[in-house]
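Annotated features, as they stand in Swiss-Prot:
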- Cys376: active site, nucleophile (ACT_SITE)
- His498: active site (ACT_SITE)
- Glu500: active site (ACT_SITE)
- Ser12, Asp152, Ile153, Glu154, Lys191, Thr192, Lys193, Pro194, Thr195, Gln196, Lys227: CTP binding site (BINDING)
- Gly13, Leu14, Gly15, Lys16, Gly17, Ile18, Asp70: ATP binding site (BINDING)
- Gly349, Leu377, Gly378, Phe379, Gln380, Glu400, Arg455: L-glutamine binding site (BINDING)
- 292-525: domain 'Glutamine amidotransferase type-1' (DOMAIN)
- 1-270: region 'Amidoligase domain' (REGION)
Amino acid sequence: MKYIFVTGGVMSGLGKGITAASIGRLLKNRGYQVTAVKIDPYLNIDAGTMNPAQHGEVFVLHDGGEVDLDLGNYERFLDIELNSSHNITTGKVYRMVIDKERRGDYLGQTVQIIPHITDQIKDCIRSAAEEKVFDGKPADICIVEVGGTVGDIESMPFLEAVRQMRSELATADRALVHVTLMPSDSMGDLKTKPTQHSIKALRELGIFTDIIVGRSERPLNSHTKKKLSSLCDIPQNGIISAATAPDIYQVPMELEKEGMADVLCQLLQLRKDGADPEWYRIVTREYTHRITIGIVSKYGKEDVYLSIKEALRHAGRKLSTEVSIRWLDAERVEPADLRECDGVLIPGGFGVRGIEGKINAIRLCREERIPLLGLCLGFQLSVVEFARNVLGIADACSSECGDGTAVITILPEQEGVENLGGTMRLGDCPVEIKSGTIAYKLYRQHEIIERHRHRYEVDPAYISRLEDAGLIFSGRNGNRMEIAEIEDHPFFFATQFHPEFRSRPTSPSPPFLGFVEACLKNRGKGE
């Protein structure tokens, strides 16, 4: 097993995750099996209970792990399915160590950060790296991204563990990539001083960098690379320019041009086979159409809906269609806003805020035949809207958000659950598809697997009444409703699951493909 450690300096939010994912893609393009581990130095066990407006999207893995959005990027770039073990948090590590101490595993030792915490971190990294995620076989290379910034107190135990692993591994089995900011001064010149200080801080911890990735608004010139090489004692071919790209999926190609893959192959003594051009063909496909999709959201931060944005782009690229997203505040959205869109998407969420705005948006799309895709909460509210305005239950609601007639109720297994973290219906669940439906047309099979994250479901007592009134439940898990659709509508489709989490640039999600195609047809009618 070979390891590539990715650290960050100067400031957070530089794109370490995209850099790590892009490195993985470069090596995958050369025929290697690549996995990835994300270290998040916070005390939370996982991302499941975090405020999305602060933390961003909670990405759901196939085994139900609620993790940082960077793991979504890993899955999309590398075309793999990761497990909960691939996200290591301070909370997880401390809980493991404390559990061992309580069991007496340490045989009376004084439990300390070094060696007990650092040993546990190394065990977690190795265990995740050796997961057999490739048809029963482990990966050839593991990329380990250390969250946070060099110098943060929270990251210190993890950086010490990286230092130890670097010493324990053979030279050809490890490489360290440091992502750092290259700011411009008032004259537009790129400044190297912050990077020099960041490299110095790493060296003071006993960690020596092999490659520097300079994040900047414009490419690094040869003079800047030569200066960094001299001052940071790194060969000039190890100074990689990473200017801001218009499309994140083009970052691997930009790093390829900079020689990143060749340098890593040299460091890790890997064969330098030619790169598979499939990725290039997919991400450079030209657009011949353009559509606007409105997302009726309650959170102002776009990162909350990252996987939805990417799934729309995957479908759009497959159909040579550029997707422009219009963000519509669920508490302020007006009918005119919706009518200006070629289609409307109602995403998942929690709580009562913005609920009525979303329901009103669903009604307008149903009545005015605007393509609509509802996800999770969007599925539940589609049922509520139908119950109110077609079935005639004026006070229909979800028991999560109202005191009326609850056509959406809590899952039986969720009753009495006290802890919020890790207790929802999470991860992969099978869904049976009904023949002759939109769902079957999209998936072309009778049973599918999709990822879930919810506590509420359609009340079984109302299913037959809803179906008699024209709502088709085309996907089920036993007596649990999973997909709802309407006949004689351009595209009215809602899922209890989250299809966006399984979408890839190489294989777009079927519901998103169908939705974008319907939006494209809807736009064509108005032209």
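Including glycine, each Cβ sits where the backbone N, Cα and C put it.
Ile153 (CTP binding site) counts 8 other C-beta atoms within 10 Å of its own C-beta, drawing on all protein chains shown. Considering only the residues assigned to CTP binding, Ser12, Asp152, Ile153, Glu154, Lys191, Thr192, Lys193, Pro194, Thr195, Gln196, Lys227, the longest pairwise Cα distance works out to 31 Å.
Looking at Lys191, Lys193, Lys227, the binding-site residues in this record, the fewest other C-beta atoms within 10 angstroms of the C-beta turn up around Lys193. When the Cα atoms are compared, Gln380 (L-glutamine binding site) and His498 (active site) turn out to be 13 Å apart. Those residues of the chain, other than Gly13, Leu14, Gly15, Lys16, Gly17, Ile18, Asp70, with a C-beta within 8 angstroms of the mean position of the ATP site C-beta atoms are Gly8, Thr19, Ala20, Val179.
Binding of L-glutamine is attributed in the record to Gly349, Leu377, Gly378, Phe379, Gln380, Glu400, Arg455, and the widest Cα separation among these residues amounts to 14 Å.
Following the DSSP three-state reduction, the secondary structure of Gly17 (ATP binding site) is helix. Taking the C-alpha atom of Thr195 (CTP binding site) as reference, the shortest distance to any of the recorded positions Gly13, Gly378, His498, Glu500 belongs to Gly13. Comparing the recorded positions Leu14, Ile18, Cys376, Leu377 by how many other C-beta atoms lie within 10 angstroms of each C-beta, the top residue is Leu377. Within the same chain, residues at least six positions away from Gly349 (L-glutamine binding site) with a Cβ under 8 Å of its Cβ are Ser297, Lys298, Tyr299, Cys376, Leu377. In this structure, the binding-site residues Ser12, Thr195, Gln380 were compared by how many other Cβ atoms lie within 10 Å of their Cβ, and the smallest count belongs to Ser12.
The highest number of surrounding Cβ atoms within 10 Å, among the binding-site residues Gly13, Gly17, is found at Gly17.
Counting other Cβ atoms within 10 Å of each Cβ, the lowest count among the recorded positions Asp70, Glu400, Glu500 belongs to Glu400. Neighbour density around each Cβ, counted as other Cβ atoms within 10 Å, peaks among the binding-site residues Gly15, Gly378 at Gly378.
The most crowded of the recorded positions listed here (Arg455, His498) is His498, judged by how many other CB atoms sit within 10 Å of its own CB.
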